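Trainee: If you scroll down you'll find the structure; I have some questions about it.
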Amino acid sequence: MHFSVRLSLLLTLASSLPLVSAIPQHEDQAYTFPSPGRSATANTDPVLEVGRETQRTPSAWTRLRDSLVESVWGLPQRKEGGEWRTRNQVTTASRAPATLQARYGEDVVLRFTIKTQEEVKALVEASNILFLDVWGSHDDWVDIRLSRDVIPSLLGLLPPSLQSSHVPLIRDLAQTIYESYPKTNPSSPSQQGPTTRRFSPSASTSKTKPQETKNIFFQDYQPLSVLLPWMRLLVSMFSSHATLISVGTTAEGRDIPALRVGVHPTNNAQQAPRRRTIVISGGAHAREWISVSTVSYIAYSFITGYGKSRSITKLLEQFDYVFIPTVNPDGYAYTFSTDRLWRKNRQQTSLSFCPGIDLDHSWGYEWDGNATRSNPCSENYAGDQPFEAIEAREIATWARKEVTVNNVQFVAFVDLHSYSQQILYPYGHSCAHLPANLENLEELGAGLAKAIRKTSRENYDVKAACRGIVASSMGDKDADEAVTSSALESTAGSALDWFYHDMDVRFSYQIKLRDRGSYGFLLPREQIVPTGKEIYRAMVAMGKFLVSPHILTGDLNGPHAAEETQNYDDDFEEDEAEEDSDVFRAQGDDMSS
């Protein structure tokens, strides 16, 4: 565009609009993101100031005017840390979408303390009326995301006991979201080319000291564009026992990638036995990034641990592992490009402006979509019929084919979610139905929690997925009558129940990862590796439990059962010290080529 034309356009716009900044103003100060070290969460003040003045999103004309000023003249808007930056450059330290402030600038997360069934019912009704986003729930609390201007309406629908029993968990949601996005500095994996990325798995057996190198891939949350090349690279370097497969196709046509890891007999003359397989998946809910990183971390640990750790080597000789980092690639990609808190898949529904089906409510066993059928805009929308969500249907088809065609026996299924630090076993749809092997499920669940506690001192609760948010805090008599968690978030039609019941996977679990609510779905990147380590240790404990031939056959009272189980236990106990010194060093520190 000619200079005179640009100048004319600029003067015309300048004369028609007041000279105010497009950056939201608050208390006579321009809105600025805090320094990277500052946290946006706050748990100190007991009551959120509901009526205080809030930041205003600039008008469309103002944003257009400022954009033209910057694009034509490249003018700086303010000085930060001695360096001039334009509005567009303010977010260059992060991959956060430009619409972040407009979408979540007025939102907060409140935690309500729940003591009675009546309070639960009141909160459920109010949440449904106002279409609120229930983030999570536990024994005696519920976290809800909402706009500041909706808080008075919510409190007005609640009994007096709840009106004063809430605290602000996240005061500045937009800032906390901003901090969760990967940093875009030159050393970040997402900013490096395929030939320069320093996250390639090391095939070296050298024992590098932890402080000498850092595992760059797990130092941040990685988008799909980085995750997929990383998976291909991992397989190319460990092709003897790792394979990249697709377990289906998404609504938008993407593959659902998975890593199959295991060591098969090399004697072709020997008929291969039925292959026992463990599935570990994550990312069913797109915004739960930590589940994607954790599945990737466990997969990397098993793949690189083969031949180095006797425990991992034994497990990969006994089982195949199928790691599915994200069963919802479309939604996961959307959280990076557009909306960090998107939950569902990206499938079209009967309402064009409300796409998406909740993948973990779309499975065929005990599907119940009646509660959300009329509202595709619901975060828990389960579709109009079972398996309407394409990704759930595709994975179910893959699983059935593995059993009927490929001679696979699924022995365990672990579905990673966030948050609240819970280990859940079937059933989720109803507490009236008890699993046939309840005692074994509880025993292994307790073992997983113990392994986590020994690794990181973090406590994970073990319970049935149907247990209510107030059940465990009330007496046993009241627990059976307590309002179930499905009142706040339906657990019918889950992958957990489907794999257990329809696929006869005797050891099925849903694990809700860190934390207990300080950050919710926006867990800081610094907790990726610690979370990965503790769940990796839990998966090793699961393998140790399942490797005994008497566990899966159910013959726990055979003449040699106790003796053989003890032999397996002794072998794994001898390996623990070696694992901690060798494999953990590789997992958390060295991934550079």
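Placement of Cβ uses the backbone N, Cα and C atoms for every residue, glycine included.
Per Swiss-Prot, the feature Zn(2+) binding site maps to His285, Glu288, His417. Under the heading substrate binding site, Swiss-Prot lists His285, Ala286, Arg287, Glu288, Arg343, Asp360, His361, Ser418, Tyr419, citing similarity to another entry as support. According to Swiss-Prot, the feature compositional bias 'Polar residues' maps to 182-210. Annotated compositional bias 'Acidic residues' per Swiss-Prot: 566-581, in sequence order. Marked as disulfide bond by Swiss-Prot: Cys354-Cys377. Per Swiss-Prot, the feature N-linked glycosylation site maps to Asn370. For 180-210, 557-593, the entry in Swiss-Prot reads region 'Disordered'. Annotation source Swiss-Prot lists signal peptide at 1-22.
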Trainee: When the Cα of Tyr419 (substrate binding site) is compared with the Cα of each of the recorded positions Glu288, Cys354, Asn370, Cys377, which one is closest?
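Mentor: Nearest in space to Tyr419 (substrate binding site), counting only the recorded positions, is Glu288.
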Trainee: Nearest to Arg287 (substrate binding site) by Cα distance: which of the recorded positions Cys354, Asn370, Cys377, His417 is it?
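Mentor: If we rank Cys354, Asn370, Cys377, His417 by Cα distance to Arg287 (substrate binding site), first place goes to His417.
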Trainee: I need the CA-to-CA distance for Glu288 (Zn(2+) binding site) versus Asn370 (N-linked glycosylation site), whole Å please.
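Mentor: Each residue's Cα considered, Glu288 (Zn(2+) binding site) and Asn370 (N-linked glycosylation site) end up 25 Å apart.
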Trainee: Taking the Cα atoms as reference points, how far is His361 (substrate binding site) from His285 (Zn(2+) binding site) in Å?
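Mentor: His361 (substrate binding site) to His285 (Zn(2+) binding site), Cα-Cα distance: 11 Å.
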Trainee: Let me know how many other Cβ atoms fall within 10 Å of the Cβ of Tyr419 (substrate binding site).
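Mentor: Counting Cβ neighbours of Tyr419 (substrate binding site) within 10 Å gives 24.
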Trainee: Let me know how many other Cβ atoms fall within 10 Å of the Cβ of the residue listed as 'N-linked glycosylation site'.
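Mentor: If we count other Cβ atoms within 10 Å of the residue listed as 'N-linked glycosylation site', we arrive at 10.
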Trainee: Could you say which of the binding-site residues His285, Arg287, Arg343, His361 has its Cβ with the most other Cβ atoms inside 10 Å?
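Mentor: By the 10 Å Cβ neighbour count, His361 comes out on top.
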Trainee: Which secondary structure state does DSSP assign to His417 (Zn(2+) binding site), in the simple three-class scheme?
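Mentor: Reduced to three states, the DSSP call for His417 (Zn(2+) binding site) is strand.
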Trainee: When the number of other CB atoms within 10 A of each residue's CB is tallied over all shown chains, which of the binding-site residues Glu288, His417 has the maximum?
Mentor: Glu288
Trainee: Which residues of the same chain, at least 6 positions away in sequence, have a Cβ lying under 8 Å from the Cβ of Cys377 (disulfide bond)?
Mentor: Phe131, Leu351, Cys354
Trainee: Centre the Cβ atoms of His285, Glu288, His417, go out 8 Å, and tell me which other residues of that chain have a Cβ in range of the Zn(2+) site.
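Mentor: Apart from His285, Glu288, His417, the close residues are Gly282, Gly283, Ala284, Ala286, Arg287, Ser291, Arg343, Asp360, Leu416, Ser418, Lys512, Phe521.
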Trainee: What does the structure give for the C-alpha distance between His417 (Zn(2+) binding site) and the residue listed as 'N-linked glycosylation site'? Integer Å is fine.
Mentor: 24
Trainee: In whole Å, how far is Arg343 (substrate binding site) from His285 (Zn(2+) binding site) when you measure between their Cα atoms?
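Mentor: So the alpha carbons of His285 (Zn(2+) binding site) and Arg343 (substrate binding site) sit roughly 5 Å from each other.
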Trainee: Pop the Cα-Cα gap between Asn370 (N-linked glycosylation site) and Arg343 (substrate binding site) into the table, whole Å please.
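Mentor: With distance taken Cα to Cα, Asn370 (N-linked glycosylation site) is 19 Å from Arg343 (substrate binding site).
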Trainee: Can you give the largest Cα to Cα distance in Å, as a whole number, for the residues His285, Ala286, Arg287, Glu288, Arg343, Asp360, His361, Ser418, Tyr419 that bind substrate in the record?
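Mentor: Per the listed residues, the maximum Cα distance equals 17 Å.
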